[in-house]
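What follows is a short report on a single structure.
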Amino acid sequence: VQNDAAEAEGGAGAEPLLDAPVVVVEGKPSYLETSIGEFLPKCGAIVGQVAGFDVVARDENGNQCTSGGDVFEVEMTGKGGTNRTVDVVVEDQKDGSYAARYVVGQEGMYTISVKLGGEHVRGSPSNVVVFKDIKKLAEQEMEKRLAHTVAALRSSVSEARQLHRSLKSESASLASFIPVLVESTKNGVNEALAVQNVLLEESRASFQREAVERKRLHNLVQELKGNIRVFCRVKPLSDEEIRAGQRAPAVKVREDGRSITCGQHLFEYDRAFGPHSTQENVFEDVSGLVTSVLDGYNVCIFAYGQTGAGKTWTMEGPPGDPGINYRALGALFECIRNERGADYTYTVNTNMLEVYNEQVYDLLAMGPEGRADGLDLVTSGRKGDKEGFAAQGVSTVSVNSPEEVKAVMTHGFCNRAVGVHDINAHSSRSHCLLVVNVEGVNSSSGLRMSGKLTLCDLAGSERISKTHATGLTLTEAQNINNSLLSLGNVISALVTGNAHVPYRNSKLTMLLQDSLGGDAKALMVCNLAPSNLFASETVASLQFAQKVSSVELRTPRRNLEDTEQDKRRAKPKSASASAARLGLAKP
């Protein structure tokens, strides 16, 4: 920069900077994108002290240019009575910026001009105030801050006064209205409470009557109907299916809560649950069936469906959202505690069986060494009446609370066989049966009632071609499909009324004989996968469920026994009794 005035007027104590044009090593110029940066110090310069600013060089794209080659024309001229020129030295900082530094010898207002190629850069010209000493600079800054603070405070005080006047006016209005409002509200609330108390008592009485009548009619309808009840439940689309682009499920539940459509097919069942149904929703319609065990009935609930359709979720459920198994046992103990405990003494025993590769295993007898030998099935009950099969030597555990039942079931489910294939990463490879035997004795009459609750989680029906199973997994899949095929053949025989029903073709159907062909109450929960990829399997499950709903069982009968009559029968047998035992007369 050429200095037009070599001597610093009034600049006592200031060392003049060297006169020199600012020339940087030749390189790419910065064009007119160059700009003045922040001043140092921010509030103004001090006489006799180094001050300055930065010039930031940029290329035609706005990027900081580090190649150098800029020649700046920098001038600093006093204004008013300080009409003089100050030397400015510019130094290339090698990072695309240039440090402009100067020392002023006289206070006042100065204009800084930075040109490149004869044109002002951005931010040029700029003004800077030079103070005599640091004290004046501080005073100037303090005055600015105080002025700003005072202006802000005045504005806040004005707003506060206005708000105060408004609140004072509203407060006066409310003060006169509150007593009237309180009295009016108090009277209205008291009247409403009196009416609601009357209605509540009437509703409670009506509810009790309706609950008793509903329970009586429910059992009556179930006894008269005799059919296997069928519920269907649609699983929600998984996150993986949604990410794959599936939005609308292939199967839909209609608003009537009974009808289901899948493509062009329409099916109707006793109850249908959509993908947003909860475990509690499902159990509400199952609970009446479960508690009839305490009345001496045998009850069987089994879940059917393809792999990954939600059978285990419906029957077992996760720890925080239990399924039918845990809720059923909880309902039994709650009913015993709240309704039956005063008149009956109950004992509850449970066992858990697994049908795996056509062998029956005791899930409660497995230890660290693994799976024990399979159990033999033996006939139980009277032929033609309650004929069925039971596992010989199965472990039976007495339970007295829902917590004990949960511990037993958790132990059993941990021993269940599971596997991995292309459809489900955690697929049950076996059929699981939770059997609960309940016996109650009336404390006054001596009447003994015994009921059995069978909760069955079937293994998934699946097409081997889709699972790509090999080795042991293939053997498991074949045995699962064979046992489910046997179940289908049993259902077909029951639908057509054949005299011979092939229960003995599978260990599964042998264990379910007294539930499917006896005088038990039975319910099938058909679980459905919503994905379009499994539409054919879903239709097959719906067709099987429709066939099951057509099965007509015998009217369910209670298991009652008069203990006093048994004592009388314990006397020496008469001649007629001996004849009956030999088959000469009907017993």
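A Cβ is built for glycine as well, from the same backbone N, Cα and C atoms used for every other residue.
In TrEMBL, annotation is done automatically, which means it is predicted and not curated.
TrEMBL lists Gly305, Gln306, Thr307, Gly308, Ala309, Gly310, Lys311, Thr312 with the feature ATP binding site. Residues annotated as compositional bias 'Basic and acidic residues' in TrEMBL: 555-567. The annotation domain 'Kinesin motor' is assigned in TrEMBL to 227-551. According to TrEMBL, the region 'Disordered' annotation covers 555-587. Taken from TrEMBL, the feature repeat 'Filamin' covers 15-130.
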Gly305, Gly308, Gly310 as binding-site residues, winner by CB count within 10 A: Gly305
Helix, strand or coil: which one is Gln306 (ATP binding site) in, per DSSP? strand
Just to be sure I understand the packing, how many Cβ atoms besides its own are within 10 Å of the Cβ of Thr307 (ATP binding site)? 24
